[in-house]
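The domain 'Myotubularin phosphatase' annotation in TrEMBL covers A:178-553. As annotated by TrEMBL, substrate binding site applies to A:328, A:329, A:390, A:391, A:392, A:393, A:394, A:395, A:396. The domain 'Tyrosine specific protein phosphatases' annotation in TrEMBL covers A:359-421. As annotated by TrEMBL, active site, phosphocysteine intermediate applies to A:390. Per TrEMBL, region 'Disordered' is recorded for A:594-618. The compositional bias 'Low complexity' feature in TrEMBL is assigned to A:598-608.
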């Protein structure tokens, strides 16, 4: 009685049930004894440890390490007083389960030395890519820590030990093949391409024009392959402007590329200038091509020193350039680090909002969304075609084009449409997933790592919050994508570009994440989804309307109310099912007793006595 | 007094701008005794536009050339702009609105003239008399009785005529306890928690004063409470002031219950903001929400600086404390601050929502508001005289009731299925508390309502709201009866700004309304099919 409750008490009947029924992807309270195994997953070691749970204190358990996961089951059951805060009756006599794919491990450190005194101070501290840390205390005797450290290092960072990533060992079978989801020719055909102004080119068939681009590209009809080669020499890493999306009615387009190689001397390239004008002319109504440079102005200028730069007014008469002020991968990485600092293991309570503000995470989200809204608005209004680039055109550019496409084209808001969007704008166009995530790589401090894709998914989540009926998928879909961004169970996000994936025969040798999702779609469906064609979504990108995605970033904290499945979705589905059942029973009744039931429409009609006839504003 | 004396001009041509999303309206503007009317030209199809003058919080006029602009900031946080032809007309209309919107007389206010079709006077007032709640208590326990010691409001002017008290205490003792409590607010029953057999009481502070006076009848009353619960029951006194503030109150005649005088009772201090700081917090928040010009890079720290969410947290966690005491510790709880008409009611009403599934139903919640706020003597007229836009220095204004509604909204957000009513009802209560054509929120106490004959001469908001056509706006279509207590998370990341209220007039509402509409569709479909056969769904609550 002494302290005010600062905890949540989970006491909704539906909510309780959902905890018992479904496994939370990390910490799990379960009565079954079996350690889960995927086909192709093999046991490596098991050991008794003490798991230092930041929320419940030290718990003795047995850890099982396989070539895919670290799995811990507590040996003691949690007595209720440990879990005074949560609902005791649910957790009583249940074991604590930790189920962590080794792919999420970013760093393994030894803590404490031979002389360490205090209890549980000798062991391993594991930093994960998904906003949590795991600590295990081990006995000092018998090299137990060294053994576990080595086993974990070997299997969490297979690249350094010439071992295959688990995706290549995974033998899971699904009844749908996720690799078939994206077929570029079909997707461009859906967009009405090729047409009079745009053609499909195979110039990059063997990745000789640009090794980080897909093999199939859509370019202006009037630009010859020779033109494209000359433009490539003037664009960073040969990433030439190519079509991402075309408006079905006004035929304005979104084109993506990398920065022009202007350099300190302000170099120009006639072919590039002409090429941009050709793009503009694919739509006769527009007088200017709009260029959105995703970077802050100063960064774009600074890039000249390393040979890059931006399109100047003098050289590109028929273009207008705007900077979108989105910061680079290093800024985003540091921002997310600060978010982790205030949410894990303990949530910064006393100045929550100003602490959150000082991470700048939501501000970055706002800038990305604002940029995408501008792109979408230009195209949807038919005012201008848009060219988007940043430096290399594989981080911020991918965020902007994919988000704008999501706003413009309702197709991408379906489950398969979204998979195609990710497959197209991110995977095929060379977002460097391997470098940004560091799959199987032990170099945790690599400056190439950055949560760019996570930031994109966060933006999608913000949009889905603002438009609850516009997306076919639910929050669980987005979280599942993020979990397998790191897990290495599927081949979907492996490697930096299509050419590397082809060399490694990824589609033949690994399973696609979309196989898992599409074979069990119901779990990922938003019951409120209403299919709409041709509706452009403009989210409100004001700070007032953005929220921290608590169910993702703070999901490990048991005090955060997080229910999967979402009780509202669940209840809605129940109502739907109930209605269907009633309709069925009603039909049966009518059939059996058609004579008696002459008037089924007995819904009580509201009395006609009403409020005043004028529109009243109180 | 004649309203016509205050109306300076008959009519003028004007254009009304209603903020984003709503198209401007042109027409003839007209001021009447209680309303501002805009009637569009004869060719226009849209309805007459009508604004209750009472809902104007502040008015600002500007003239330029041969026209003028009036900006009306309303108590429901809406901002309206009127562009009026003619300088004289503008000034006259502004003066009329100013004079009419600040009239203080209750019996000339609009509710005394409002006669909607289809409602009969006096219909719904008897939905929730004190006897009604007492019947429920009496079914659960025999330890309490309904006392009419305050029948003529002489013992406590801010209490209703009947209150629920321990059976063992007679009316004389009550009257003496009342003299020992500020404003005569002696401890009365607020809620009986049948599952644990404990009770929630409320009162005002004891008048111990610097001499540490005692009152045998007051002590006897609290002793009887514990004895009535169960042998050996303990009690907690939740004082909504800090220990120091409570001690200081002795200098002005108030104070707290001395430990030795009340065996079995333990005092806990949970300081809650009230009065002017609360009003200022509200004003700052509304200012921040309406500030669309400034760069919003600092929005989060500005939101934090407003401290509104901190007040939400305080209120909810104090209510949790009281509820936890009853549910988990099996203790009786007495809540009071100083006067016992503000933060006290906030705590007792929220604690009931947490514990009592009946109070989360549509009728149960209306009864709760009626019993724990209106009849319990929350001075609505003083507290809600002005909302967040008034330029006048606040005298007695404080958004305590709005804070309550915000806390309820937070509960509804965290337990989306457990409340039978939706955001619509909370918004309606906010609007009507500040300005209403109904009489429900008029006056400061039952005594005043009695004097003004509010109950016989005005319509009740409850009859207005409970009409079938209002239900879709007010109910939560996903509701399922949840028999358990709902313990909210009060951690900062679990509490949100109530956008539906504070950003109501600046955000596009359609997307979320579409989802709501979809749920309604399915529920009404279901009910239709259900209605045509005799079976009743098991999930339907049976009151």
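Residue 1 is the first one shown; counting continues down the chain.
Placement of Cβ uses the backbone N, Cα and C atoms for every residue, glycine included.
Positions of the features from TrEMBL, shown on the structure.
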residue	record	DSSP (3 states)
A:328	substrate binding site	coil
A:390	substrate binding site	coil
A:396	substrate binding site	helix
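The Cβ of residue A:328 (substrate binding site) has 17 neighbouring Cβ atoms from other residues within 10 Å, across all protein chains displayed. The substrate site is defined by A:328, A:329, A:390, A:391, A:392, A:393, A:394, A:395, A:396, and by the 8 Å test on Cβ atoms against their centroid, the other residues of the chain that qualify are A:294, A:397. Around residue A:390 (substrate binding site), a 10 Å sphere centred on its CB holds 29 further CB atoms from the protein chains shown. Neighbour list (residue A:394 (substrate binding site), Cβ cut-off 8 Å, at least 6 residues apart, same chain): A:212, A:239, A:258, A:429, A:430, A:431, A:432. Shown in sequence order, A:294, A:295, A:324, A:326, A:328, A:368, A:371, A:390, A:452 are the residues of the chain, 6+ apart in sequence, with a C-beta less than 8 angstroms from the C-beta of residue A:396 (substrate binding site). Other Cβ atoms within 10 Å of the Cβ of residue A:392 (substrate binding site), summed over all protein chains shown, number 19.
Mean per-residue pLDDT, taken over the domain 'Tyrosine specific protein phosphatases' (A:359-421), amounts to 97.
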